[in-house]
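Reading through the structure tokens given below for one structure.
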Amino acid sequence: MKLREVLQHPGEIIPLLQMMVMAYRRKRKPQDPNLAWCWETLIKVSRSYVLVIQQLPEVLQDPICVNYLVLRGLDTLQDDMAIPAEKRVPLLLDYYNHIGDITWKPPCGYGQYVELIEEYPRVTKEFLKLNKQDQQFITDMCMRLGAEMTVFLKRDVLTVPDLDLYAFTNNGPVAICLTKLWVDRKFADPKLLDREDLSGHMAMFLGKINVIRDIKEDVLEDPPRIWWPKEIWGKYLKDLRDIIKPEYQKEALACLNDILTDALRHIEPCLQYMEMVWDEGVFKFCAVPELMSLATISVCYNNPKVFTGVVKMRRGETAKLFLSVTNMPALYKSFSAIAEEMEAKCVREDPNFALTVKRLQDVQALCKAGLAKSNGKVSAKGA
């Protein structure tokens, strides 16, 4: 975190300090060395995710930490381009059969995940300490996710429905299994079990933001990883690899705004899902990443920096949003504020201007109606 950046935004100093205090107070300090290693590793591979997990009821924190590391191993296997696709398919399909084997570790590893893979049996030891029901949740998740991941090792993303499916394959099974866990612990409405579509939209919204933000890294891979659908980029470019070239900036921005506008359609079902979460900690666990995704869309909109590096929100901005998520009315206000802010910077010359504005106005109207409904419930209780 840069001091100059903090001083340039003094309104973010207090939220940053509050976040630091919260992180310190909620830091897990397990006595068990393997469990302590799991938490330390989670901090290394996904620092931002740690504080979200720490919002959960204490009974869920260790299982979700272990779950994340198990899935990170699976994700590392999926993305390891050093392994030919035809060899990765059976490995992904069989992954779930090995997560209880203390002698096994995923046959992959690169970058920041090398230590996780090398020490993977430590994750297995903690997995085996979980109750049988939590072990089964994680096993089911890996079985379904591994199967879904193989789909796009064999096919390309050509259409918007393909993008929906790709975003779902990387997050959907996780969202569905976590929903079952929330309901099983009586932290969410059982009706969510009949609405896998809502879990799917939660997953797709998160998945698409990652696909959008990682475009430069993906097209520079050898061979390139093409997750933006040709149905979108083909309207502006002949070759998606041109999207990072300065001479194609106008076309690249139109393409970017198009795919961002597509992602906005997931917001309504995401809000419907979060309305059905009862527990405050689980609510925050679900709501914070979705809110950050909308904020990231706003930051990325018409932003050429998407094609020159990774676009990130300031830590102070992140802290303010994180602290704003206290309940559903507060979430409505935050979603509406970001949508209004993004609408104000929409570019009239953009080919998708009208649709982008409409979807953002729909979000604001939805949040306004949700707030009115919430206020009505409060009034009824007080009557």
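Cβ atoms are placed via backbone N, Cα and C, with glycine included.
Note that the coordinates shown come from a computational prediction; the quantities given were computed from them, not determined experimentally.
Annotated NADP(+) binding site per Swiss-Prot: Arg47, Arg72, Arg213, Lys312, Arg314, in sequence order, evidence recorded as similarity to another entry. There are 17 other CB atoms within 10 A of the CB of Arg314 (NADP(+) binding site), with all protein chains counted.
Here Swiss-Prot flags Asp75, Asp79 as Mg(2+) binding site. DSSP assigns Asp75 (Mg(2+) binding site) to a helix.
DSSP assigns Lys312 (NADP(+) binding site) to coil in the three-state reduction, placing it in neither a helix nor a strand. In the three-state DSSP scheme, Arg47 (NADP(+) binding site) falls into the helix class. For Asp75 (Mg(2+) binding site), the number of other Cβ atoms no farther than 10 Å from its own Cβ, over all displayed protein chains, is 17.
Close to Lys312 (NADP(+) binding site) in the fold, though at least 6 residues off in sequence, lie Val299, each with a CB less than 8 Å from its CB.
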